[in-house]
Amino acid sequence: MAHELTVQELEKFSADFNKNPKNKVVARAAQRSGVLEASYNDRVQSELTRVFSTELDTDNVTNQKHSGRCWLFATLNVLRHEFGKKYKAKDFTFSQAYNFFWDKIERANMFYNRILDSADMPLDSRQVKTDLDFAGTDGGQFQMAAALVEKYGVVPSYAMPETFNTNDTTGFATALGDKLKKDALVLRKLKQEGKDDEIKKTREKFLSEVYQMTAIAVGEPPKKFDLEYRDDDKKYHLEKDLTPLEFLHKYLGGVDFDDYVVLTNAPDHEYDKLYGLPAEDNVSGSIRIKLLNVPMEYLTAASIAQLKDGEAVWFGNDVLRQMDRKTGYLDTNLYKLDDLFGVDLKMSKADRLKTGVGEVSHAMTLVGVDEDNGEVRQWKVENSWGDKSGAKGYYVMNNEWFNDYVYEVVVHKKYLTDKQKELAEGPITDLPAWDSLA
């Protein structure tokens with residue numbers, strides 16, 4: 001039912017506000033320093049520590065800078081922990097630019113696939129509009145990184161260093177997005193006119209142009225490189241003329257992405273069900289995005305078990321909530337906004353997802369956990385925002401934040417129950433691109 005605000009109502013609102021003298025004190029603090037600073041809970045500093053009962057041997061952090069490549073950084077961070085542990089080279093890093101290059105090409109190909117598949121839909125249909133809205137962007141999921149690594153391998157960071165356009169993807173993403181949207185109109189018209197032969201030639205031309213744009217912005221990937229590093233014992237290692245796939249299979253052959261499952265906690269969806277996100281798959285004919293939705297305690301138990309076995313855990317989360325970038329605190333009580341405004345802002349995890357308040361905005365890596373008599377107190381988190389953020393790039397997260405704002409963890413299937421193992425291999429319920437899990 002429509003309601004029109006009246007002068008009398010507005011005068012009453014003002015009178016109610018001014019009735020309480022504390023409101024003016026709070027208002028001055030908020031207006032001078034911002035609502036987050038004014039509501040900052042100093043007690044968090046004494047409640048979160050940097051000591052963990054289980055902790056991996058960590059190294060220097062990476063820095064995604066002004067890009068949406070957290071999903072790729074977190075995946076390569078998990079792999080570099082494995083490499084560092086196996087070969088005693090904890091400061092060794094993989095090139096994010098290398099896999100980013102191939103993601104641009106593969107994702108463009110998938111975009112053209114979707115545009116052709118939806119050519120009979122109106123241009124303003126939700127499906128087509130969503131595909132167009134995300135053209136050229138660089139956010140992603142764990143399986144997207146896994147698909148790229150499986151198909152193209154990995155290279156050391158020195159073999160394909162970062163460039164201006166990988167550190168700040170804004171300009172390139174805009175240019176690529178514009179091109180893809182322009183191409184979409186051409187491909188839709190050809191499909192609607194039934195010109196299949198012309199579609200094949202045109203798509204190939206468009207993909208060649210995407211390759212050209214990406215090579216100009218990022219640089220062409222190396223076909224071979226020399227593996228050269230000094231391990232933690234200062235011993236020198238050199239192996240010449242490795243291809244990226246040879247490097248992957250020889251040095252990380254024990255990592256099989258098929259052995260890993262993404263457990264998700266989405267209370268707005270049915271539990272014990274395997275969901276897919278086909279609109280986000282980035283490599284045609286490769287690893288699909290699959291999420292097994294289970295109660296939160298299973299994400300906790302599997303993550304702890306994997307950490308205790310010495311393996312890092314990729315996790316998807318909403319880092320934009322209750323986070324202090326400077327200190328690296330992730331705590332549900334960090335900003336007391338309810339107290340500042342005098343209103344109840346609390347929502348359940350399910351309601352946050354339903355309304356778009358909650359989202360998977362970031363991916364990081366779990367590298368430690370602190371338990372006290374079986375109760376989880378806090379987690380150690382490796383971020384990819386450089387060493388000027390948090391404690392030399394590492395964050396500390398209380399368990400309430402984990403429960404409220406973590407939505408996905410990637411764990412080996414050996415940590416699943418028998419029922420969950422069956423579900424992970426079972427039928428997939430595909431979700432649309434606008435679903436809360438997308």
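Each residue, glycine too, has its Cβ placed from N, Cα and C.
Note that this is a predicted model, so its numbers are computed, not measured.
Marked as active site by Swiss-Prot on the basis of similarity to another entry: Cys70 (among others). In sequence order, Gln64, Gly139, His362, Ala363, Met364, Ser384 constitute the residues six or more apart from Cys70 (active site) in its chain with CB-CB distances below 8 Å. Taken residue by residue with DSSP, Cys70 (active site) is part of a helix.
DSSP assigns His362 (active site) to a strand. Among the features that Swiss-Prot reports, active site is placed at His362 (among others), with the record citing similarity to another entry.
If you look up Swiss-Prot, you'll see Asn383 (among others) marked as active site, on the strength of similarity to another entry. Taken residue by residue with DSSP, Asn383 (active site) is part of neither helix nor strand, so it is coil. Around Asn383 (active site), the C-beta neighbours below 8 angstroms that are at least 6 residues distant in the chain are Val61, Gly328, Met364, Ser389, Gly390, Gly393, Tyr394, Tyr395.
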